[in-house]
Amino acid sequence: MKKQRNLRSMAAQAVEQVVEQGQSLSNILPPLQQKVSDKDKALLQELCFGVLRTLSQLDWLINKLMARPMTGKQRTVHYLIMVGLYQLLYTRIPPHAALAETVEGAIAIKRPQLKGLINGVLRQFQRQQEELLAEFNTSDARYLHPSWLLKRLQKAYPEQWQSIVEANNQRPPMWLRVNRTHHSRDSWLALLDEAGMKGFPHADYPDAVRLETPAPVHALPGFEDGWVTVQDASAQGCMTWLAPQNGEHILDLCAAPGGKTTHILEVAPEAQVVAVDIDEQRLSRVHDNLKRLGMKATVKQGDGRYPSQWCGEQQFDRILLDAPCSATGVIRRHPDIKWLRRDRDIPELAQLQSEILDAIWPHLKSGGTLVYATCSVLPEENSLQIKAFLQRTADAELCETGTPEQPGKQNLPGAEEGDGFFYAKLIKK
């Protein structure tokens, strides 16, 4: 039996590691969840994700409720108060229980002398909640995005930025990819219905299903047997443009965790696929995904800027480059992105993308297809990146996705749609 732990203090420390130390929640959370009971795993995740989603609001409230911020060794208390405020604002946890557990969290972080302070701040919020929220709703913090990102979205999407921000602040839908080598989408939807769950097919992507209500993967018909994979609809859209064929040599570059690698093999089971990623640790997930689905691919660790180091002079019929990016299209799925990214990262990422594109292009056969994809919504990484590439690359031609003046297809995040995603299909003349 797992030792009873204070979830509020665990959430506070996790959020602190994200915001203060720049660590990714997807690295921090799984080891923490191993320490708690199954029923507490979901609540711990809810507290971490929720606080990061609404961090601007919680920070704003603390600045109103406290004369001066907590600093130094007491900084964790700042995040513990955030966890308390989040529960009072956004969960169904009874207020007395939320307060009691949050105050007890002070003992777990070895700050028992601050229990009274935490209790006082949270009770003050309860008394002043109405007027504080009215004031908050007229502040810039209400958009729940850092100011640098808000400015970029407003500049890029003067008519749509508010709907993008709104989508980013929602909980994400759960999208699945039906493995067409096992079932048609309709036959798997019938199995889902028999299991007491409801799913909706995507209008454009033939394998994509949105669950009416997110569910644990072990509850999905045939998940362990590889009948279905969790993958956002927009990520599945890459196959529409790549159109892999049996017998072809295909490179999936920046492949981890392997969702697109396995999708290529579902669409073209007899393709020869090479999956490459710079991160050796994340490549283990590519192996895991291939194993669960019973598929084979050549998996290599390598830097996309130096392809000759891992493929020599080899050329490919098709290349999928899912480029490293700001991930500004998947904020609703990874709210820590808002606080991990900085404005200065964008030109650095654009430079990296440009270097990878230039390096990998010679490894595409004449007449071959390269699909450039990102989960970003920022033009510097997307349409402007491809426009510049087309201008400097004489044998590259845009195909089916946009115009040379406005190249690529940009998906924006939507409540019943996929994440923010960009695609450009390029043909080598």
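Glycine too: its Cβ is placed from the backbone N, Cα and C atoms.
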For the S-adenosyl-L-methionine site that Swiss-Prot gives with CYS254, ALA255, ALA256, PRO257, GLY258, GLY259, LYS260, ASP277, ASP303, which of ASP232, ASP322 also belongs there?
ASP322
Residues satisfying Cβ distance under 8 Å from CYS254 (S-adenosyl-L-methionine binding site), sequence separation of at least 6:
VAL276, ASP277, ILE278, GLY304, LEU321, ASP322, ALA323, PRO324, ILE356
Non-local Cβ contacts of GLY258 (S-adenosyl-L-methionine binding site) (under 8 Å, 6 or more apart, same chain)?
ALA275, ARG285, VAL286, HIS287, ASP288, ASN289, LEU290
DSSP three-state assignment (helix, strand or coil) for CYS375 (active site, nucleophile):
coil
Within 10 Å of the Cβ of LYS260 (S-adenosyl-L-methionine binding site), how many other Cβ atoms can be counted across all chains shown?
26
If the S-adenosyl-L-methionine binders are CYS254, ALA255, ALA256, PRO257, GLY258, GLY259, LYS260, ASP277, ASP303, ASP322 per the record, what's the largest distance between their Cα atoms, in Å?
19
Tell me, if you would, which residue among ALA256, ASP303, CYS375 (recorded positions) has the fewest other CB atoms within 10 Å in the structure shown?
ASP303
